Amino acid sequence: MSLSRKLLVIFFTWITALSMSKPIFVSSDNMNFTFKSFTIRNLTFLGDSHLRNGVVGLTRELGVPDTSSGTVIYNNPIRFYDPDSNTTASFSTHFSFTVQNLNPDPTSAGDGLAFFLSHDNDTLGSPGGYLGLVNSSQPMKNRFVAIEFDTKLDPHFNDPNGNHIGLDVDSLNSISTSDPLLSSQIDLKSGKSITSWIDYKNDLRLLNVFLSYTDPVTTTKKPEKPLLSVNIDLSPFLNGEMYVGFSGSTEGSTEIHLIENWSFKTSGFLPVRSKSNHLHNVSDSSVVNDDPVVIPSKKRRHRHNLAIGLGISCPVLICLALFVFGYFTLKKWKSVKAEKELKTELITGLREFSYKELYTATKGFHSSRVIGRGAFGNVYRAMFVSSGTISAVKRSRHNSTEGKTEFLAELSIIACLRHKNLVQLQGWCNEKGELLLVYEFMPNGSLDKILYQESQTGAVALDWSHRLNIAIGLASALSYLHHECEQQVVHRDIKTSNIMLDINFNARLGDFGLARLTEHDKSPVSTLTAGTMGYLAPEYLQYGTATEKTDAFSYGVVILEVACGRRPIDKEPESQKTVNLVDWVWRLHSEGRVLEAVDERLKGEFDEEMMKKLLLVGLKCAHPDSNERPSMRRVLQILNNEIEPSPVPKMKPTLSFSCGLSLDDIVSEDEEGDSIVYVVS
């Protein structure tokens with residue numbers, strides 16, 4: 001539909017609406033979401049909160065006394081107040097949680113968890129009795145409404161006992177409390193799953209909290225009688241948009257706090273009447289006219305309303321048309337300008353191919369010519385009859401102007417890169433609404449196909465010298481990207497399927513679709529976490545900050561793959577138990593048997609000292625603490641025997657940042673495919 005036709009439709013719709021005698025109603029949106037189990041999507045994790053097997057943990061899971069606090073928040077703010085109708089929303093939520101003490105000593109219990117509503121989505125509260133809700137140094141900074149599930153008696157906050165629920169408003173001194181053990185025989189820290197329902201009805205100014213042990217077989221029934229019922233007007237506190245979530249804490253205890261599922265909804269926004277011919281006031285039940293009005297005949301009323309509609313609509317519609325025309329014209333001009341600028345950048349040193357030439361060379365982009373799939377499109381084998389050469393052509397999946405501009409921007413990175421261990425860009429084409437990039441052809445394909453094809457055929461295509469050469473070549477490419485380019489290039493997607501092998505089995509790093517440019521010695525910016533599970537550094541998953549250290553982690557996983565002939569995440573043939581490659585090699589290292597990790601297909605034909613060095617470099621690069629990982633320049637020096645490697649601890653260290661994720665937690669989400677993108681705050 002053309003723009004002019006769209007504007008006409010808008011125009012006549014507007015006229016029809018204005019000519020009707022009834023006023024128009026507009027309603028505010030109510031919110032509704034449900035998590036039957038959790039993923040990292042749509043949630044923000046602060047402090048020690050973490051995700052394991054679809055369950056949110058709020059505090060560290062340690063068998064020794066520890067101090068911890070964590071918060072998980074629904075990413076999107078929720079509207080609780082509608083200024084047009086001056087209405088505060090009602091809300092209902094229910095969730096299942098478990099509180100369990102890992103130590104049988106009852107003195108090591110505490111402190112509990114809370115469901116909260118707050119304007120703040122980035123402050124981590126203090127541990128202990130503060131329940132991760134507020135900072136002990138600034139207790140009045142964070143305003144909130146919360147239902148606490150307290151498992152420790154804290155006289156500082158006037159707690160009645162060590163097993164109670166309470167309503168907290170801007171303070172941890174509860175307005176009202178109830179002991180579920182006395183009224184419902186529910187022990188909050190029993191280790192059993194408990195389901196809670198929290199209902200606030202704004203029209204009744206009433207908040208009810210229900211509690212029941214979760215039924216493991218059938219749907220848990222909501223109790224008829226609330227455990228806590230408070231007559232309170234929350235409208236002064238539920239103003240504007242707020243965030244909802246959970247927090248939990250410990251202080252010198254071994255208590256864990258798990259959230260298993262969660263649903264939340266708002267309701268009760270009243271409809272708002274738009275302005276009509278007559279002034280009126282909106283109440284809960286009726287409309288009262290300020291002055292008596294003589295109602296004209298139906299025909300006169302219709303003509304009168306139509307005249308008003310035309311008088312109002314015509315000037316507005318003209319302005320709207322001019323605005324829309326100007327907006328799209330400016331947008332088109334900016335995209336064309338940006339594309340021309342990027343096109344000029346790419347022209348330097350590169351050949352511009354015609355679309356017809358590439359179409360013919362790939363047999364019309366026939367599926368039989370597909371040799372790979374990258375972050376932004378399919379890769380085709382192209383045979384140029386006139387020159388007798390073979391190239392690889394990448395075809396972008398993004399057909400929009402924005403998509404092509406973004407793709408050109410990404411490729412401007414690799415267009416200026418020159419290194420023997422990088423796949424070289426030969427040329428490009430931008431015709432018929434498509435963006436095509438031409439790379440040198442790698443006859444031996446990708447590393448993963450060679451590495452894992454062997455296990456099926458029994459033939460070993462990669463001997464020890466090839467594998468060592470691949471590790472050194474990849475380190476050389478990354479050292480160039482991280483330290484020798486004018487701007488530092490962080491690849492963000494290093495994996496065996498993105499490492500190509502030339503005719504002599506030399507490693508060539510390709511697919512820069514996720515790469516980012518940064519200034520040297522500048523702090524990186526958090527972005528969408530992107531890449532492939534099993535290769536992602538733990539701090540990258542947690543904070544979304546990609547650096548040369550996250551690339552180093554991926555490199556460590558890759559060279560362990562090369563040395564061991566095993567995938568990053570694999571299953572034992574007999575038990576079908578998931579095995580993490582880094583953890584497996586580290587366990588063998590701790591037992592003094594690290595060489596037992598070597599690919600059996602090599603049949604012992606390798607340099608033991610150098611192989612051990614390669615395995616230990618892999619572990620050092622995959623160290624959970626990013627500060628302990630060597631730079632790629634140092635890795636290259638170690639593998640070239642120019643310097644000695646630094647020692648690798650016998651036991652795999654725990655993560656040093658505040659989130660309590662283990663590497664198993666990080667990779668356990670990879671059930672449906674290779675590449676996963678998460679939104680991380």
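Placed from the backbone N, Cα and C atoms, the Cβ positions cover glycine too.
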Listed residues N281, N444, with the one flagged N-linked glycosylation site by Swiss-Prot: N281
Candidate annotated as N-linked glycosylation site in Swiss-Prot, where the set is N261, N399: N261
Local confidence of the topological domain 'Extracellular' (22-305) - pLDDT mean: 82
DSSP-derived structure type at N135 (N-linked glycosylation site), helix or strand or else coil: strand
Cα-proximity to N42 (N-linked glycosylation site), 10 Å cut-off, over glycosylation sites N32, N86, N121, N135, N261: none
Residue pair N86 (N-linked glycosylation site), N32 (N-linked glycosylation site) - Cα distance, angstrom, rounded: 21
Residue among glycosylation sites N135, N261 with least C-beta crowding, 10 angstrom cut-off: N135
Sparsest Cβ surroundings (other CB atoms within 10 Å) among the glycosylation sites N86, N121: N86
Closest of N32, N121, N261 to N135 (N-linked glycosylation site), Cα positions, glycosylation sites only: N121
List of residues, in chain order, with Cβ under 8 A from that of N32 (N-linked glycosylation site) and at least 6 apart: F264, K265, T266
